[in-house]
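Lifted from TrEMBL, the feature list:
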type	residues	note
DOMAIN	110-188	domain 'Beta-ketoacyl-[acyl-carrier-protein] synthase III N-terminal'
ACT_SITE	Cys116	active site
DOMAIN	240-327	domain 'Beta-ketoacyl-[acyl-carrier-protein] synthase III C-terminal'
ACT_SITE	His256	active site
REGION	257-261	region 'ACP-binding'
ACT_SITE	Asn286	active site
TRANSMEM	309-329	transmembrane segment
Amino acid sequence: MTKITAAITAVGSYVPDYVLSNQVLETMVDTNDEWITTRTGIKERRILKEEGQGTSFMAIRAAQNLIEKSGIDPKEIDLVLLATATPDMPVASTAVYTATQIGATNAFAYDLQAACSSFLYGLSTASAYIESGRYKKVLLIGSDKMSSIIDYTDRATCIIFGDGAGAVLFEPNTEGLGFQDEYLRSDGIGREFLKIEAGGSILPASEETVKNKQHFVHQDGTTVFKYAVSGMADVSEKIMERNKLTKEDVNWLVAHQANKRIIDATANRMGLDESKVLVNIQKYGNTTSATLPLLLSDFEDSLKKGDNIIFAAFGGGFTWGAIYLKWAYNKQKN
Ligand code: UT7
């Protein structure tokens, strides 16, 4: 029997129109373009301004973009996974609403939360469903409205994050393309260094928690930075070793866009030339679950059938890991 692998066969994306530039941030907090650019690589980020709209608004548009480009019938989708750290609401799955809105009426759906590693872990989950032979079309969306949990008076976080969404479709492949291997890690030591304290079961929302700004993201940036640099580089090196991949064998590094310096450190450890490292952090900042699919969407023209891609991410929890995947198609020229 031919082995079934799980291949990405289509991508889509959506970012809001509103651009929040470093120059505008300079008028909001004590920061400057030079500091943000040299310390993070970010120039601007997108913010969802539509009244009363959340993560599903962007997830739906990213999925619709994929459906339009690929020409698939949404009724054929078996499962919709929504990777997000900012669901529309704590209860009532954002994935379910999204699936219904895009016409995936024969699918079941659920959310997947692992902070900035949500989409990376989602790649693993989606692939496993396909490899098992259980489902034929799995839609994995990464969408986050980070602006809903950011304190725009806190310069330690407001300069980093942005809003956006991306989507990929997984289908069975019999040519050995698609998902090859994963090395996923997590460590609860990270809980203290990157969190939203209130609004969960330990500290439910109250007047006090709102007053104390405990519904916003708080991070000890320097500590997270240190763990991120070593964590992402370690797993990327490990997955190369395990699959006997040399730096020449790797065509692309698709890494979580949290800080250009973290991406560079990972690429250096892998021995990769700059031209193989996909970067769009300057345009979007850290969009949490959307960074990886936004890269695939922005650079879809460059990816060629058979290319070896290493995905890597690091996020709150801590959660981190690397995935090795072979790209499965050449984009049709319009
Ligand atoms: O995606 C989830 C995982 N998250 C991450 O991977 C984020 C990891 N962390 C980082 O990317 C970095 O730690 C930050 C970008 C958040 C901060 O960069 P840093 O190089 O760690 O800066 P720092 O916090 O150590 O601060 C260095 C200096 C300080 O001044 P002094 O004490 O040296 O005089 C800060 O007060 O920079 C100052 N500073 C700023 N200056 C201008 C801190 N934030 C800012 C700012 N604008 N926004």
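Quick reminder: no glycine exception, Cβ is built from N, Cα and C everywhere.
Nobody curates TrEMBL annotations by hand; they come from automatic prediction.
Under DSSP, residues within the domain 'Beta-ketoacyl-[acyl-carrier-protein] synthase III N-terminal' (110-188) fall into helix, strand and coil as 22 helix, 34 strand, 23 coil. Listed in sequence order, Cys116, Ser117, Leu120, Met232, Ile262, Asn286, Thr291, Leu292, Ala312, Ala313, Phe314, Gly315 are the same-chain residues six or more apart from His256 (active site) with CB atoms under 8 A from its CB. For the active-site residues Cys116, Asn286, the greatest number of Cβ atoms within 10 Å around a candidate Cβ is found at Cys116. DSSP assigns Asn286 (active site) to a strand in the three-state reduction. Helix, strand and coil residue tallies for the region 'ACP-binding' (257-261), in that order: 2 helix, 0 strand, 3 coil [DSSP].
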